[in-house]
Amino acid sequence: MGIEGVSTYLKSGNMDTISAPPGFVSQTSFVLRNVPRDKESPRSVSRQEQTTGFGTDDKDSCNMFLKSRPWIVHGHTIPSSEALRPKKTEVRRRRPLKVSETKVLEEAPVFNPTEEEFRDTLSYISSLRDRAEPYGICCVVPPPSWKPPCLLKEKQIWEASTFFPQVQLFGIQTENRKIKKEVDADSNDAASEGVQLCRVERGPGYTLKSFKNFADTYKKSHFGMKDEVLGSENSSPSLKPNELIVADIEKEYRQIVESPLIEIGVLYGNDLDTATFGSGFPLSAPSESSKYSSGWNLNSTAKLPGSLLSLEDCESVCVPRLSVGMCLSSQFWKSEKERLYSLCYLHVGAPRVWYSVAGCHRSKFKAAMKSFILEMSGEQPKKSHNPVMMMSPYQLSVEGIPVTRCVQHPGQYVIIFPGSYYSAFDCGFNCLEKANFAPLDWLPHGDIAVQVNQEMSKTSLISYDKLLFSAAREAVKCLKEYGLSKKNTACYTRWNDSCGTDGLFSNIIKSRIKLEKNRREFLISSLESQRMDKSYDAVNKRECCVCLGDLYLSAVNCSCSANRYSCLNHMRKLCACPCDRKSFLYRYTMDELNLLVEALEGKKLSSMFRWAGIDQKFCASPATTSSKPEEDKGKETDEVTPCNITRKDVAAGTKDQTRVKARSLADILNVKDGNNDAKETLESCSKKSNRPCDNDSSEANAPKKQKQ
């Protein structure tokens, strides 16, 4: 076509219809480079005119010609080699907020129980909840009579037990450095967002004796060398280690966190397993220490009657943990795993200063942490990577987040409430022991923790559903015994307050059953149903292969992978097999779960007996005694039994069991109180009938009354 053809085509007015020839459409954009114009003779033809047919002065026609080519990117030039290099994100250090030296945090409440109040651990803590939970933390000073022996001072532990502490390095050289945690990586730890980063490394081995010697020497040298390092102009009056008080050490801690001038390193022994290292409390109850076997002995706190952890056998939450600190060693911001309660006792040593943000301000705290890490590093914090950081509680207070301060001395307890974030630092060598527990009011917090873990695909340390239905088993048992004997026991009092039509525990069970019902109706209605075998989770708890959620109540399995399960929400992500090859596994039917609600509401004694029989026969918990005859014991099967058992068979059991039950109940039941409900249960359970026990007619019961 040539230059003349292009010019003719342009003059004809067909500029908008120009398109690339077939096969010449560019798949990528390219950039036109501006070429400098040299001085040329009038006769010479520019390179631009040779290639496009336009002169340098005909700019409008040239622009129209180029705009008809959609593969050309306009308004760009070829960048220089330096511009092509990837730019590093500019990281600016956050300018420390000017916190007034006179800024005072709100103090946590301190309680002094009497001998009588101190006797029942969980009841006393429950009485403090309304007053102390808004602070997130509180301190309990035991009565003068409570002086348990510190077994950590015994020679076999003090000089023989070895541990490997963390080396915490913070200061100028560690700013803006992200270091992953080498200890328990807890997504709930707020150590991932803060103002001052800290490096954590594994330290050498120490005994308590050698660690104390190192801690005392370090404390003397640190405050003795402070004036020499900072200079006489910037230094404060010289402080001797034996004259230091908590306020002096806290001032030094604030200096390190908010505006460090030197780099320092300290040691901190965190989360030492007392089952291996040794506990400060006596494990047994000899004659001289029998009075220290109460719930305030942290070896028995998790398993106290009324703590749901007594129904769980998980060492990671049931075994107390030991912490060994030194001057300026820090516990970084964190929240307890599964949002459990914590009870901390300071055995020996210097005081510890705690800072806490209550669970009601949890969202504000997390938002402030994210903004701090974004401003410091220029990138969003990742859920899986948690760098170790510290944040000044006084700066949090300036941001509008209420922070509580608590000073714990040796021989005192500190209670951390569910959902609270907390941090701490030590004023010198000390040994602190911590135990978790879960009273009934923890269940709403545990439910939230389960949902958060599933969203983050994180394994839960405990099975929430197992705890929930194990607690239901205990509640029905206590209510049933009271219905028979009319004896007001401590167990009945505890469960009677939370059960009933509008009780806390009853409402939690109803909510969980409603959620399970909706999932079964809308997600797995087309799958074949099978009841779980007792060997399903006899060894290990089952988890969803996608979200790692607990599968105690229901699960989905496929024939292509026998040991692979998923929750109902992630059924389609289990495998690529069609639905006809997948099976829905359940522990209880919906009718049986509705029967549990009736039993907890306490309206009918017959519902309690029927649920107890169902729960004993099909509960896969190893702690539950099997109701099978003796000849069936010892038989094991790896297959999941199909759902071919009807409700009448479940309620009936064997004839021998029915006769034994009838003889035992006949001696206990009162003729006037509750006799009708009990007889209805026994009579209906001895029949092969599909009718519920509470629908039996009065005519069928009349002749049996005459016989009795």
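Indices start at 1 and increase along the chain as displayed.
Glycine is no exception: its Cβ is also placed from the backbone N, Cα and C atoms.
According to Swiss-Prot, the protein carries these features:
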| type | residues | note |
| --- | --- | --- |
| BINDING | C544, C547, C567, H570 | Zn(2+) 1 binding site |
| BINDING | C558, C560, C575, C577 | Zn(2+) 2 binding site |
| COMPBIAS | 43-54 | compositional bias 'Polar residues' |
| DOMAIN | 108-149 | domain 'JmjN' |
| DOMAIN | 293-454 | domain 'JmjC' |
| REGION | 35-59 | region 'Disordered' |
| REGION | 678-708 | region 'Disordered' |
| MOTIF | 646-653 | motif 'Nuclear localization signal' |
| ZN_FING | 544-581 | zinc finger |
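What Swiss-Prot annotates, mapped onto the structure for a quick look.
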{"residue": "C544", "record": "Zn(2+) 1 binding site", "Cβ contacts under 8 Å, 6 or more apart": "Q454, L551, A555, Y565, S566, C567, H570"}
{"residue": "C547", "record": "Zn(2+) 1 binding site", "Cβ contacts under 8 Å, 6 or more apart": "Q454, E455, S457, C567, N569, H570"}
{"residue": "C558", "record": "Zn(2+) 2 binding site", "Cβ contacts under 8 Å, 6 or more apart": "R564, L574, C575, C577, R581, K582, S583"}
{"residue": "C560", "record": "Zn(2+) 2 binding site", "Cβ contacts under 8 Å, 6 or more apart": "C575, C577, R581"}
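With the fewest other C-beta atoms within 10 Å around its C-beta, C577 stands out among the binding-site residues C567, C575, C577. The residues near the Zn(2+) 1 site, meaning same-chain residues not in C544, C547, C567, H570 whose C-beta sits within 8 angstroms of the mean position of the site's C-beta atoms, are Q454, C545, V546, L548, G549, L551, S566, L568, N569, K573, in sequence order. Those same-chain residues not listed among C558, C560, C575, C577 yet with C-beta within 8 angstroms of the centroid of the Zn(2+) 2 site C-beta atoms are S559, S561, R564, L574, A576, R581, K582. Note on the domain 'JmjN' (108-149): DSSP counts are 20 helix, 6 strand, 16 coil.
A sphere of 10 angstroms centred on the C-beta of H570 (Zn(2+) 1 binding site) encloses 17 other C-beta atoms. Under the DSSP three-state reduction, C558 (Zn(2+) 2 binding site) is assigned to strand.
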